[in-house]
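Per Swiss-Prot, the features are as follows:
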MOTIF     1-30  motif 'Bipartite nuclear localization signal'
REGION    2-26  region 'Interaction with SUPT6H'
DOMAIN    23-130  domain 'CMP/dCMP-type deaminase'
MOD_RES   THR27  phosphothreonine
REGION    39-42  region 'Important for interaction with CTNNBL1'
ACT_SITE  GLU58  active site, proton donor
REGION    88-116  region 'Required for interaction with RNF126'
Amino acid sequence: MDSLLKKQRQFLYQFKNVRWAKGRHETYLCYVVKRRDSPTSFSLDFGHLRNKAGCHVELLFLRYISDWDLDPGRCYRVTWFTSWSPCYDCARHVADFLRGYPNLSLRIFTARLYFCDKERKAEPEGLRRLHRAGVQIAIMTFKDYFYCWNTFVENHERTFKAWEGLHENSVRLSRQLRRILLPLYEVDDLRDAFRTLGL
């Protein structure tokens, strides 16, 4: 586990949602774990991780939370803020992990979409697999960056300032993510329509 708070410069560099993210070869993950008790929730832990040699950050988090003694009678919500969306293999591992913990829900807010093999189209399929497993996936917006800045960054009481293009890139990436997940949304919409009609 890294130190509790990230350095400002490191956060801004690693999480910046630029179109061409050259030199950003690691994934950083900020997380919040909450236990849900009726309509209220109780924070259990928060922090951040990054890739270690030979192990992606998503798998590091799964190892970390696997050591917890999660009460099967309680509901838990995990929220990730990631610099890159998960690769296909990590998405598969996360979906499989969640299958074993039906009382744990996951939300992922990502700065950028990761695609390492454009010919294979594996990463988009990994995102669809996560969505089918019940994971809420979204692109980080100003509100998410602001939250991360105030929760995970050693900000010395400086206010978060958006960089040029933050909003436009969030919109562009959100549209791209929507196109990736669109077939699943259409199936969900059809399912809801049939349910409404009683079919």
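Just so you know, glycine gets a Cβ as well, placed from its N, Cα and C.
The Cβ of the residue listed as 'active site, proton donor' lies under 8 Å from the Cβ of THR27, LEU29, THR82, PRO86, CYS90, HIS93, VAL94, each on the same chain and at least six residues away in sequence. Counting every protein chain shown, the number of other Cβ atoms lying within 10 Å of the Cβ of THR27 (phosphothreonine) is 24. Per-class residue totals from DSSP over the region 'Required for interaction with RNF126' (88-116), listed helix then strand then coil: 12 helix, 7 strand, 10 coil. The secondary structure of the residue listed as 'phosphothreonine', as reduced to three states from DSSP, is coil rather than helix or strand. Counting residues per DSSP class in helix, strand and coil order gives 0 helix, 3 strand, 1 coil for the region 'Important for interaction with CTNNBL1' (39-42).
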